[in-house]
Amino acid sequence: DYIVTAMTVFFPLDTARLRLQVDEKRKSKTTHMVLLEIIKEEGLLAPYRGWFPVISSLCCSNFVYFYTFNSLKAVWVKGQRSTTGKDLVIGFVAGVVNVLLTTPLWVVNTRLKLQGAKFRNEDIVPTNYKGIIDAFHQIIRDEGILALWNGTFPSLLLVFNPAIQFMFYEGLKRQLLKKRMKLSSLDVFIIGAVAKAIATTVTYPMQTVQSILRFGRHRLNPENRTLGSLRNILYLLHQRVRRFGIMGLYKGLEAKLLQTVLTAALMFLVYEKLTAATFTVMGLKSAHKH
């Protein structure tokens with residue numbers, strides 16, 4: 001599966017992003033500096049810690065999303081041509097269903113990914129899970145079943161991400177079509193990558209809050225124990241901004257954007273190669289006919 005390959009290849013970038021998001025004491029250095037520090041302190045394979053739980057969650061998440069998307073589409077569109085508007089609405093609903101069903105997996109894999117990390121922040125309570133099942137067991141035992149849905153609220157807000165991306169994509173496409181008759185596949189790729197980068201940047205503070213809540217291992221003042229409530233999100237945002245300025249919400253953005261753009265580039269290359277190969281095969285077939 002393409003998504004699994006991309007996630008695996010660029011997994012260290014995801015590790016750097018998550019560390020910068022949850023460990024506010026970690027200095028925001030360039031991505032490769034952060035990765036070198038992690039390797040030096042925790043060993044060569046540290047950037048790949050938590051790979052299996054993340055990939056498992058990704059596969060489940062994609063399955064839930066596409067299954068819901070296609071089921072809804074079958075019911076609503078009923079064989080007619082779908083419109084972009086309908087697709088966005090169906091995508092939104094599928095996104096919400098996905099969040100509600102798979103958040104526990106993401107809570108668990110966020111914690112497994114950060115287990116054994118050398119945090120700069122002393123307020124972080126370390127975990128000792130033996131694996132995915134044990135993590136579920138310990139979280140339910142020590143924090144209650146609802147802790148598995150930590151960070152649901154920011155995740156639901158992030159369901160708007162594709163819509164924001166689409167809006168910028170369409171806007172950029174219109175601008176470019178004023179200048180030229182038709183768009184090449186490279187044009188489409190560049191517009192897509194820029195739109196995705198903009199959407200990622202706009203929603204990044206929410207992604208930061210989502211990570212902190214999923215991790216849920218910061219010792220907060222006692223009355224703020226219910227992680228995931230709106231009050232808490234505002235409190236977290238406020239704390240970050242007060243301590244580190246507005247850029248405190250954007251720690252790890254560089255790694256995230258690198259991952260996003262490189263993933264899109266890889267996808268583009270694969271797609272181009274496949275299209276070229278398909279045309280070659282079709283060309284050969286038609287050549288044999290003559």
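Heads up, the Cβ atoms here are built off N, Cα and C, so glycines get one too.
Annotated features in TrEMBL:
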- 1-75: repeat 'Solcar' (REPEAT)
- 82-175: repeat 'Solcar' (REPEAT)
- 183-277: repeat 'Solcar' (REPEAT)
- 50-67: transmembrane segment (TRANSMEM)
- 88-108: transmembrane segment (TRANSMEM)
- 153-172: transmembrane segment (TRANSMEM)
- 184-204: transmembrane segment (TRANSMEM)
Summary of DSSP states over the repeat 'Solcar' (1-75), given as helix, strand and coil counts: 60 helix, 0 strand, 15 coil
Distant-in-sequence neighbours of the transmembrane segment (50-67), which means Cβ under 8 A and at least six residues beyond its ends: 1, 3-4, 7-8, 11, 14-15, 94-95, 97-98, 101-102, 105-106, 108-109, 112-115, 132
Number of helical, extended and coil residues in the repeat 'Solcar' (82-175), per DSSP: 72 helix, 1 strand, 21 coil
